[in-house]
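Asks: Have a look at this one.
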Ligand SMILES: NC(=O)C1=CN([C@@H]2O[C@H](COP(=O)(O)OP(=O)(O)OC[C@H]3O[C@@H](n4cnc5c(N)ncnc54)[C@H](OP(=O)(O)O)[C@@H]3O)[C@@H](O)[C@H]2O)[C@@H](O)CC1
Ligand SMILES: Nc1ncnc2c1ncn2[C@@H]1O[C@H](COP(=O)(O)OP(=O)(O)O)[C@@H](O)[C@H]1O
Ligand SMILES: [K+]
């Protein structure tokens, strides 16, 4: 699914009205009606007061359309207009009059804090104050209104976007954004929903298709691609009946140091579970018994040193190398990486301490093999590209880094984002249970396994990240978030593949339809 910018969506609105010969008013009617249908289906006529807070732009217009339909269907509706300027949009004004035509209870014009209504915890709040037309931080009593609504226990449903949030720009004032319980967003999700600074304002959202011109949406290069099961499924390459282990590639895991052998174990295990034909671990001497005992399927080669990696030597020819998990940043290890990068051709996944080594040593940075996949967590990323002002600045810095070093970089987190030059792929699987030691090690092994199986680096990163999150979701469903451990995630990669490929459940018919 594509994630468009506010400007692209405004353009899509324009193209749709011109090409399909419908007016903006019709489009607003369509949008407001769909929001009504959503709410009506859930409320089923319940006489719970619905408080609709409208701005004076088109987002407010959507709120007015919703209000009109709710009134016509006998709901208890209170409409408030946050009357912060006289510059009301045309479609807003027409819908304002339409509300007045059907009820004697006209919308309440709010001009100050004194107008804030009392709201019961069981009531419903509709937030239609600002949409994607927000162009500065809300101030004065409008900011106070947002804060007042956030203090209420009532359910907050935002139309299109929580008011105060920009679709694809940094939040101007964190204290002037609606904390939506749910957001019904038009046509496409907004980038702000997936970034750490702003994602909490829109933790749950649904997309309302308002029929914007499909050709325009198809031909427009989006800000980002959202990766859900539907997309991930298409990446999967089926195995051939007469294949053998040589067809699925050989992964070399270069990892571990004294006290951190688990990192190499987890990564190696995940590489096998994700389908690599062969896995060899290159480890310090102290790890030999550990890895051979933990994973009999894995071949082991040891360094000359006991506690750390000093030279990656005598290794077989491999398709993919995952390097860095638990290796530390000793100078000898930095030198080992320099030699490895310059002398051994393979597809690389560069993780954890290998990233820290690169951040420490400029010469090593220059040796990053082209098309490598780097998988930093936020701390490692900061060391690598420097600190950032906000999420958007971070994305720009990472894009620049991938251009300069011709690589792919995965920004790990709640919605991990794969970055390659100007392309962004936002992952949707995974859960907070995965914020646990070693889960990144599992991911590096998975990416390497897909590389070894012939997936190209970008696809391997995007696909492995989705599968990794899906495995984590499967574990957490039977285990709670708290109890998820990285080893469990590796053990459920198989279930993730099965879940990915199983047909979607047919939509349950409504009980009434079956009678
Ligand atoms: N176009 C279509 O066909 C469809 C559009 N749809 C809907 O339209 C929404 C976008 O509508 P929109 O462009 O009118 O902008 P919106 O978000 O309502 O607010 C802008 C108004 O607020 C003002 N303003 C801005 N920031 C401010 C601030 N901090 N503090 C105070 N004022 C501020 C700004 O005024 P100004 O900057 O001129 O002072 C302007 O008047 C979109 O999200 C979706 O819900 C759907 O109906 C589908 C069909
Ligand atoms: N809140 C979260 N929601 C979803 N996934 C998460 C969350 N926190 C962490 N993860 C995932 O868990 C993994 C953690 O990686 P990392 O921090 O490198 O772990 P480690 O270094 O312990 O192996 C990443 O893939 C990340 O995307
Ligand atoms: K809104």
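Using the three backbone atoms N, Cα and C, a Cβ is placed for every residue, glycine included.
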Asks: Looking at the AMP binding annotation from TrEMBL, with 412, 413, 414, 415, 416 already listed, which candidate in 437, 438, 440 is the matching residue?
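Replies: TrEMBL lists 412, 413, 414, 415, 416 binding AMP, and from 437, 438, 440 it also lists 440.
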Asks: For the K(+) site that TrEMBL lists with 127, 163, give the additional residue from the candidates 58, 59, 219.
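Replies: Only hit among 58, 59, 219 in TrEMBL's K(+) site, alongside 127, 163: 59.
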Asks: Under 6 Å from ligand 2 by C-beta, which of these binding-site residues make it: 61, 127, 163? Sequence order, please.
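Replies: Listed by sequence, the hits amount to none.
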Asks: Just checking: which of the binding-site residues 412, 413, 414, 415, 440 have a C-beta under 6 Å from ligand 1?
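Replies: Listed by sequence, the hits amount to none.
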Asks: For ligand 3, pick out the binding-site residues 127, 163, 414 that have a CB under 6 angstroms away from one of its atoms.
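Replies: The binding-site residues passing the 6 Å Cβ test are 127, 163.
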Asks: Could you check the binding-site residues 61, 413, 440 and say which one's CB has the most other CB atoms within 10 Å?
Replies: 61
Asks: Taking the Cβ of residue 58 ((6S)-NADPHX binding site) as reference, which residues of that chain separated by at least 6 in sequence fall under 8 Å from it?
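Replies: Once residues fewer than 6 apart are set aside, residue 58 ((6S)-NADPHX binding site) is near 24, 28, 89, 91, 92, 131, 133.
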Asks: Could you name the residues, excluding 59, 127, 163, of the same chain that surround the K(+) site, i.e. Cβ within 8 Å of the Cβ centre of those residues, in sequence order?
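Replies: Everything else in range on the chain: 53, 55, 60, 63, 128, 129, 130, 131, 158, 159, 160, 161, 162, 164, 178.
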